[in-house]
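Asker: Here it is, the structure in full.
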Amino acid sequence: MDVQDSPRKSYWRCSKQDFFPEPSFKDLSSYRTALSQICLRLKDRLLSRSTETHELVTLRRESENPMKKCLTWWDLMWMSFGSVVGSGIFVITGQEARENAGPAIVLSYALSGFSALLSVFCYTEFAVEIPVAGGSFSYLRVELGDFIAYLAAGNILLEAVIGAAGLGRSWSSYFASMINTKNPDFMRIKIDSFADGFNLLDPLAVVVLLVANSIAMSGTKRTSFLNWIASIATAFIIVFIIVVGLIHFKSSNLVPYFPKGAEGVFVAAAVVYWAYTGFDMVATMAEETKNPSRDIPIGLVGSMSIITVVYCLMALALTGMVKYTEIDPNAAFSVAFAQIGMKWATYLVSICALKGMTTSLMVGSLGQGRYTTQIARSHMIPPWFARVHPKTGTPIYATLLTTILSAIVAFFTSLDVLSSVFSISTLLIFMLLAVALLVRRYYVKDVISKNDSVTFFVCLFTIAGSSIGVTALWNSGVRGWIGYVVASVIWCSGTLGISLLHMNRVPKVWGVPLVPWLPSLSILMNVFLLGSLGYVAFLRFIICSAVMILYYLVVGVHATYDVAHHNPKETEGIGYGGSLKCGSALCLVICGLKAESVDHMIGASQTDLQYIATPSVLTLIEMVDDLCCLLDPGEWEMPTVLL
């Protein structure tokens, strides 16, 4: 029976079976049996790795409806701009310039920007090779295994919730500063009985989050268009901010340049890394991109290079206009213009900040929803959240989950509490992604020799250990050059050791240059920035991670184990034999479809193909398979490797 002839289920259904369809949760007895096997199941999950085909084809069935391929390089470029610019530069620049880096906040942005660009390279290669909505979650699941991917998934959700909550709080601060520059908290409700950092309730932040996320749920292309219009306006105002800031620049405001020394620069760099985190949301849009291999590199690498320069110029303009001790930590740029006598420009800057943060919220909501969708597709959270609405083509349930959680956090929690936790989560994921890239290039199972395998992991641990060593030396206050030289030599030795190994996988379309040196440097910089954060941030992070692991032991490990060891019935497909045949695949290659895309289509059912092929390709497949039915099937059987 054709898929189109089967009765369509209601999108809005909700039952226990929709949330927990796995056999382990069928009844109390089944759950007890699952708990008794937890050691066996945990071992299975720790050692398992997903495949590209599983992520690209099999898991998409959980969404029931495909996401619409509607984005081009132009959309991705402005999405990257809209998501990144506003997610940090207007939020924490003033806070870190005043409390840690001083005028050297420019160097903090340059350092974080370089580190972010290294991560961008890693993201781009993965997004081109595995164009799926899961982003870093899917990449880590394929290369580092199920459990590591789960920890990343938990941190991704934490990042999504905290990032959106922080933007919501900042939005309300800037809006309030337009009305009352002396008190950006005057629209918040203070509860004296609550602890500091949680005692200023912010209903306006909740409203902003609900509106922005509602737009994102209404449609991807519509959100992209609105983001494009708003981002162009923001770009013009940013040019104005930089020009006016440089005109009113006073060199005396840059003295002292390092009020808290190099330590202050690195501490600020670890926190302002938040300003660059929006780029990973663009990678999650790969499933809805028409040509990922061309559009994603342009959208990520090109836009992030420009954004790094823009951030440094904006930070320089801010610290040149106003002495760092007089910068407002909540609405830095807006109040700075008022202090130099351009009160009218305060409103223009605040409007720019509000637009930037609004587009960050909209694009961030798109990315957060896609992350959550792929996590739900894997059953690490209930698959109910993986469903894509048939009309909008968006994951409404997944978006609602992050919206509600972020609204609750934004209602209670102040910005300084949010930013440090967010930075740890982000830096950890970026470090793991660099490790995953090295694993992808060199450690190919059943291909790499045993000796090379041992050498690779020894070198990888050497890189990680030397990175931790450099960080420990710096944080302990040691400034002698001997320790750093020794640690650097060890780091170089580990990286050189990997470079001498045979690279068992070469990227098909776009790859990170200078492997393994750039990924290894990314590991070093992310570990160093992690070490620059305070112990309180790590304590909060450890508590959150403990909760994630507890959930995994109680629910996640059993759900994913059931999915991995469950053999569903073969779905009836199209043409001869119910799936895409090699004859069709050969014709697709002849017609210009890339061979790596065809590899994922071989053996795919009609249900699967609607997620990975465009309508024109589907029509071609049906025509060729109809022709195959009239011929001897044996004539069309050919090894897939020939493709």
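Heads up, the Cβ atoms here are built off N, Cα and C, so glycines get one too.
Here's the feature list from TrEMBL:
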type	residues	note
DOMAIN	510-559	domain 'Cationic amino acid transporter C-terminal'
TRANSMEM	76-94	transmembrane segment
TRANSMEM	106-127	transmembrane segment
TRANSMEM	147-168	transmembrane segment
TRANSMEM	225-247	transmembrane segment
TRANSMEM	254-276	transmembrane segment
TRANSMEM	296-318	transmembrane segment
TRANSMEM	396-415	transmembrane segment
TRANSMEM	421-442	transmembrane segment
TRANSMEM	454-475	transmembrane segment
TRANSMEM	481-502	transmembrane segment
TRANSMEM	509-529	transmembrane segment
TRANSMEM	535-554	transmembrane segment
Asker: For the transmembrane segment (106-127), find every same-chain residue at least 6 residues outside the stretch whose CB is under 8 Å from a CB in it, and list them.
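Answerer: Sequence-distant neighbours of the transmembrane segment (106-127): 96, 100, 135-136, 139, 265-266, 268-270, 272-273, 275-277, 279-280, 283, 286, 292, 296-297, 300-301, 304-305, 307-308, 311-312, 315-316, 319, 430, 433-434, 436-437, 440, 507, 510-513, 518-519, 521-522, 525-526, 529.
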Asker: Using a Cβ cut-off under 8 Å, which residues of the same chain at least 6 positions beyond either end of the transmembrane segment (225-247) come close to it?
Answerer: 74-75, 78-79, 81-82, 85-86, 215, 310, 313-314, 316-318, 320-321, 333, 337, 342, 345, 348-349, 351-352, 355-356, 358-359, 362-363
Asker: Is the transmembrane segment (296-318) in contact with the transmembrane segment (421-442), using at least 3 Cβ pairs under 8 Å (sequence separation of 6 or more) as the test?
Answerer: no
Asker: Can you tell me which parts of the same chain pack against the transmembrane segment (254-276), counting only residues 6+ beyond its ends and a CB-CB cutoff under 8 A?
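Answerer: Non-local partners: 84, 87-89, 91-93, 95-97, 100-105, 107-109, 111-113, 115-116, 163, 166, 304, 307-308, 311, 319-320, 324, 419-420, 422-423, 426-427, 474, 528-530, 532-534.
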Asker: Using a threshold of three or more Cβ pairs below 8 Å, and leaving out pairs closer than 6 in sequence, do the transmembrane segment (396-415) and the transmembrane segment (454-475) count as in contact?
Answerer: no
Asker: Which residues, given as numbers and ranges, are at least 6 beyond the ends of the transmembrane segment (147-168) yet have a Cβ under 8 Å from it?
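Answerer: Residues packing against the transmembrane segment (147-168) from afar: 42, 45-46, 50, 86-87, 91, 135-138, 140-141, 202, 205-206, 208-209, 274, 277, 357, 360-361, 364-365, 367-368, 371-372, 375, 378, 380, 402-403, 405-407, 409-410, 413, 415, 418-419, 421-422, 425-426, 428-429, 432, 544-545, 548-549, 551-552, 556, 560.
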Asker: Just to be sure I understand, if DSSP states are collapsed into helix, strand and coil, how many residues of the domain 'Cationic amino acid transporter C-terminal' (510-559) fall in each?
Answerer: 40 helix, 0 strand, 10 coil
Asker: For the domain 'Cationic amino acid transporter C-terminal' (510-559), what's the model's average pLDDT?
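Answerer: Reported value for the domain 'Cationic amino acid transporter C-terminal' (510-559) is a mean pLDDT of 87.
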